[in-house]
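Taken verbatim from TrEMBL:
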TRANSMEM  A:21-43  transmembrane segment
TRANSMEM  A:55-74  transmembrane segment
TRANSMEM  A:81-100  transmembrane segment
TRANSMEM  A:112-137  transmembrane segment
TRANSMEM  A:144-161  transmembrane segment
TRANSMEM  A:181-205  transmembrane segment
TRANSMEM  A:238-256  transmembrane segment
TRANSMEM  A:268-288  transmembrane segment
TRANSMEM  A:295-313  transmembrane segment
TRANSMEM  A:319-338  transmembrane segment
Amino acid sequence: MTISAQIPPRTEFTRRRLGDEAFITLLVVLAAVALFLTASLLVPNFFQLQNMINLVTNNWAVISLGVGVTFLLVSGNFDLSVGGVVALSGVLSVWFAQSAGGANALSTGLGMPYFLAIACALLGAMAIGGLNALFVVRFGVPSIIVTLGTMMVARGIAQVITHGSQRNTNLPEEFGVLGNLYMFGTSVKLPVVLMILLILIAVFIEKKTVFGRKTYWIGANAVAATLSGIDRAKHITYLYLFSSAIAGVVGILLASEFKSGFSNRGMLMEFDALVIALLGGVAIAGGFGSVVGMFFGAIILAVVTSAATGLVLSPDWQFTLKAIAVFLAIVVQTWALARRNR
Amino acid sequence: MDREQQTPVLSVVGLTKDYPGVRAVDDVTFSIEAGSVHCLVGENGAGKSTLVKMLTGALQPTSGSMKVRGQPFFPANPQEARDGGIATLFQEMHVVDELTVMENLTLGMERSRFGFLVKSDLDDRVVRTLNAIEPSIDATARVSSLSVAQKQIVEIARAASSGASVIIMDEPTAALSEREVERLFGVIRRLRESDVTVIYISHKLDEIFQLGDAVTVLRDGRHIATAPLSEIADRSDLIRMMIGRNVFQTYEPRKTATGETVLEARSLANHLLDDVSFDIKRGEIVGFYGLVGAGKTEIARALFGADKASGSITFKGNPVGHSPRQAIEAGIALVPEERRTQGLFTNLSIRENIPVMNLRKLSDKGVYRSSEELAAANEYVGKLSIATDSIDKHTEKLSGGNQQKVVFAKCLFADADLLLLDEPTRGVDVGAKMEIYNIIKNMADTGKSVAVFSSELEEVLGICDRIFLLYSGALIEEMANGPEVDIAHILNVVTGGGEGAVQ
């Protein structure tokens with residue numbers, strides 16, 4: 001189609017530059033490496049392969065939750081329910097798997113076969129995600145309020161089932177297998193491998209698929225996205241189900257690792273997941289951020305907290321350190337982007 | 001009043017603003033008389049916005065100086081500019097919907113002691129100003145309940161009551177109907193009588209001749225002329241200064257309109273529409289003309305499935321679905337009324353904006369092909385001559401006309417057979433307007449259908465083959481365009497005088 005007869009169309013406008021997102025991700029990676037090297041100079045025995053591996057493996061649960069939380073943040077929505085869902089699905093998997101005739105209420109479950117038990121626990125977790133989607137999409141309630149509510153709903157149900165305590169008796173033999181399975185004869189457990197797989201899949205979805213791109217468009221301008229033919233309601237529903245399913249799996253694996261269902265498990269994990277996403281450059285307003293950034297955000301947080309506690313400070317300082325790291329990171333990112341796009 | 005002896009209220013000398021690779025404003029020098037309406041005109045990217053941003057402290061000049069009433073003036077931020085007596089009305093509404101009119105008027109001017117609000121005569125003063133400007137607006141009403149035009153007047157009242165000596169108005173009539181424009185002009189003339197200077201930016205040249213005392217023309221960041229309007233011969237004279245060529249828009253009958261009906265709307269009705277029925281044919285450009293609130297946007301959104309309406313709409317023989325997604329799949333695309341909030345992803349680049357309406361074309365089983373996104377962006381930036389140095393530029397950074405072209409590119413990329421254009425050239429300068437009209441005509445020439453929803457009569461008469469006149473949610477009359485159209489009759493119909501003329 002010829003648009004303009006007078007003006008011969010130019011065809012090349014490919015003066016490319018590094019996108020803002022790649023720029024921020026690079027910044028986060030560099031900060032993580034720099035912090036690690038600084039910590040290595042200051043803390044004895046910090047610069048060891050095993051320590052590097054530990055930085056990742058100790059945080060598999062939060063990083064996994066961070067994937068779902070990152071996608072939702074990019075779409076312009078919060079998910080604060082993931083910590084509660086971790087507790088709920090863990091407790092459910094235990095309750096469903098405990099054999100029916102126990103000595104007391106806390107040791108009596110539904111006696112399901114293990115794989116049926118975890119499948120049902122996962123469905124329970126995803127029901128919370130469905131509830132999130134229902135209120136956010138259908139009733140238009142701000143996501144921060146909805147997920148704050150469902151966080152308490154999920155943990156509340158877990159508390160009722162465990163009577164505010166733990167369920168750890170009368171479990172089948174295979175219950176403790178998944179969470180403690182060492183892979184390929186190393187010290188790396190199955191959950192860590194699953195986390196790495198999840199990250200790879202998430203990066204593929206984010207960078208290479210239509211679904212990933214739609215998430216950015218919705219986050220950048222939900223009205224324009226709808227008028228451009230994107231089904232926002234469906235997309236946000238998928239994202240909440242996706243996030244709650246991840247949290248459900250994390251809860252089931254943690255319950256398996258400790259062979260118990262504990263209603264306080266995953267406490268404050270939703271905030272840690274949010275913190276690492278923000279450290280990794282995900283914009284709270286939506287439309288901006290990446291899973292890779294979130295991953296290195298988690299590394300930054302792990303380095304800062306483990307180095308400082310290994311150095312001089314008592315573990316009581318962890319929260320304060322997290323706060324300082326978040327504030328610094330957000331100020332630096334905002335400043336760097338503003339400077340770049342001036 | 002002797003002009004020669006007066007100190008100009010505002011003067012700029014050698015004002016220059018550099019961006020990396022671009023000189024947006026280049027050595028501009030002119031001055032503005034106190035108590036006048038001074039118009040600022042120029043094409044897309046001529047530097048008007050940048051100049052205004054420097055005057056209002058949003059941007060700092062690279063070099064040059066500004067003076068207000070003879071005093072050096074270097075606002076570091078918008079607050080300092082307001083303190084210096086320069087207030088601005090922006091193209092986009094800057095009112096807070098959730099507050100009342102009164103709260104909006106006093107916003108940012110509240111007196112406080114130790115952080116607590118204290119009563120002052122402020123409330124009385126703003127109410128007096130508002131009453132002088134537009135008595136029909138209730139100061140206790142919530143702003144969200146006002147029309148676009150009324151919101152605008154609230155904004156003007158806010159600027160006027162802040163005691164500004166210069167008020168900058170950027171496209172103040174873009175969203176107003178003709179009758180509201182007259183009211184606004186009354187307001188502006190009253191401001192002038194009370195010795196307030198108005199810097200008036202508009203692409204509607206008739207307004208400038210109607211209202212202005214003097215005009216400053218910018219082109220490509222340079223100052224072309226500053227002259228009293230009495231020294232300017234006519235529109236074409238001004239347009240020549242702005243773009244160096246003559247582009248008067250006249251309707252030329254086109255022969256591509258066929259008898260084949262593509263869209264059939266019957267008895268559309270909702271909270272605003274009242275039994276609207278019409279057909280759109282293949283290869284024709286139809287215009288929907290009416291004042292603000294006549295139902296233009298509602299018809300467009302109903303056809304697009306964005307709003308609910310009763311009645312039936314069939315497109316190429318099939319009923320149209322109830323969501324924009326289904327409409328786009330059927331081959332209908334919409335350029336929405338508000339490009340920044342409804343059309344564009346302003347935080348994303350040109351490249352990321354263009355493909356969104358036709359993801360199927362760029363993907364294979366859900367996998368996105370970025371290389372084709374790149375090719376598509378290059379193609380449409382070239383085709384629509386979008387002025388940018390890179391397709392990775394954020395659309396936020398483009399001028400109004402170029403932003404609108406990106407929205408057009410989105411719709412063209414969707415390969416739609418029917419294009420709905422809601423106020424397609426609002427806030428767009430003369431040159432870009434002509435380019436957009438060419439795009440529209442070319443669309444129709446290739447057998448597509450275009451519906452233009454506009455409150456600018458000149459636009460509708462310039463390009464449309466058939467025109468529907470709307471008043472208060474009803475379709476009053478259909479007419480064919482041509483040299484013999486009776487403009488007086490059209491204006492009579494759309495202002496409510498044509499009820500007797502229903503077919």
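Here the Cβ of each residue, glycine as well, is placed from N, Cα and C on the backbone.
All TrEMBL annotations are machine predictions without curation.
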- Same-chain residue ranges lying at least 6 outside the transmembrane segment (A:238-256) that approach it to Cβ under 8 Å: 61, 64-65, 67-69, 71-72, 75, 77, 79, 81-83, 85-91, 93-94, 118, 121-122, 124-130, 132-133, 136, 175-180, 190-191, 194, 198, 211, 215, 262, 265-266
- Message: Assess whether the transmembrane segment (A:268-288) lies in contact with the transmembrane segment (A:112-137), where contact requires at least three Cβ pairs under 8 Å among residues 6 or more apart in sequence.
- Response: no
- Message: Given a Cβ distance threshold of under 8 angstroms, which distant residues of the chain, six or more beyond its ends, lie next to the transmembrane segment (A:21-43)?
- Response: 52, 279-281, 288-290, 292-293, 296-297, 299-300, 303-304, 306-307, 310-311, 329, 332-333, 336-337, 340
- Return yes if the transmembrane segment (A:295-313) and the transmembrane segment (A:55-74) have at least 3 CB pairs under 8 Å (sequence gap of 6 or more), otherwise no. yes
- Note on the structure: Within the same chain, the residues 6 or more beyond the ends of the transmembrane segment (A:181-205) and with Cβ under 8 Å of it are 53, 56-57, 60-61, 63-64, 67, 70-71, 211-212, 246, 249-250, 253, 257, 290-292, 295
- Task: Answer with yes or no whether the transmembrane segment (A:319-338) touches the transmembrane segment (A:81-100) by the criterion of at least three Cβ pairs under 8 A, sequence separation 6 or more.
- Result: no
